[in-house]
Amino acid sequence: MENDTVSEMNQTELQPQAAVALEYQVVTILLVVIICGLGIVGNIMVVLVVMRTKHMRTPTNCYLVSLAVADLMVLVAAGLPNITDSIYGSWVYGYVGCLCITYLQYLGINASSCSITAFTIERYIAICHPIKAQFLCTFSRAKKIIIFVWAFTSIYCMLWFFLLDLNISTYKNAVVVSCGYKISRNYYSPIYLMDFGVFYVVPMILATVLYGFIARILFLNPIPSDPKENSKMWKNDSIHQNKNLNLNATNRCFNSTVSSRKQVTKMLAVVVILFALLWMPYRTLVVVNSFLSSPFQENWFLLFCRICIYLNSAINPVIYNLMSQKFRAAFRKLCNCKQKPTEKAANYSVALNYSVIKESDRFSTELEDITVTDTYVSTTKVSFDDTCLASEN
């Protein structure tokens, strides 16, 4: 979501210092290389998996690709330059690099924030308004929204081209070059505060409210409430399965439903909580420094704040993608990992409006893959292996 802080932090690091402790340099380089390296690989895999696998091109995955690209920008533009900063103690990318790298930092963070907001709204519509979702949550609409998100953030972040410049400080034994600002802190502080509100506070409030509605649906609506829908699903089940249902299997299915829905809700809570916590130190620092005459610039705390941001960008593939069976299978296929032969994949998946729809339908989302045992069990359906499955062969 944001890097208003990242740019300021890079400037903070480059403030005149007699020397940077060797242990600080080593820790910085080690952490940045590991976290950013793994994050870059993970986000690239997300993009490749969705682009190369036809059945993965869903509206939800479209937002995940946008988020992965934004996280790549954050990791590359905001993370990797810290290595050269730690080694040389000075800005080595020149004036053009100062403009472009800072621009990409802000673009990646703000686009990440907007992508998460768009994804949150899409999840809310898909789960809480499944009828509307069939024409609102489409692949073509998702692409248009993403184009708008990137166009908006690209234009918005251009203001930094007019605020940045190289600052040169001369000392006895060295000349330190920093990527800084042309204007006083009193002028750019309002910009940071605006970014804090637009790209952090508002998305977090919106996510909290919408995920609250999602949790209410998942917890308080364990079975379909429409008798006609129940009757229709029962008739469809009777064609393909035994008419005599076992009560024990029904209980197992119900327990599986409750457990699955709790798991989904936990995942949604983790998404919100991690995003809020990992961005909070950096955002809080920016807000506090905006009101201080002399900004707080302790190196180790600044490093902690940056590492939190890099972790947020690196961990997103784990949170959003590795909880999906389809993504795991696509990852293994991409890595050419050998898999045991399995039964043919089901041709149908269960939507959260308790109706069965084809996977090729435009309203196909990844959350349904996560909750494959979550919605259809209310009809006491028994699969061929005596477990609760939400698909038909």
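Each residue, glycine too, has its Cβ placed from N, Cα and C.
Disulfide connectivity taken from Swiss-Prot links C179 to one of C62, C98, C100, C305, namely C98. R57 and D85 carry different topological domain names in Swiss-Prot and therefore face opposite sides of the membrane. Of the residues N10, N236, N255, Swiss-Prot records the annotation N-linked glycosylation site for N10. Proximity of the transmembrane segment (297-319) to the transmembrane segment (29-51) is established through 3 or more Cβ-Cβ distances under 8 Å for residue pairs spaced 6 or more apart.
Here the transmembrane segment (100-121) does not touch the transmembrane segment (29-51). Their Cβ atoms form fewer than 3 pairs under 8 Å, with each pair 6 or more residues apart.
Non-local neighbourhood of C98 (disulfide bond): W91, L164, D165, L166, C179, each in the same chain, at least six residues away, with C-beta under 8 Å from its C-beta.
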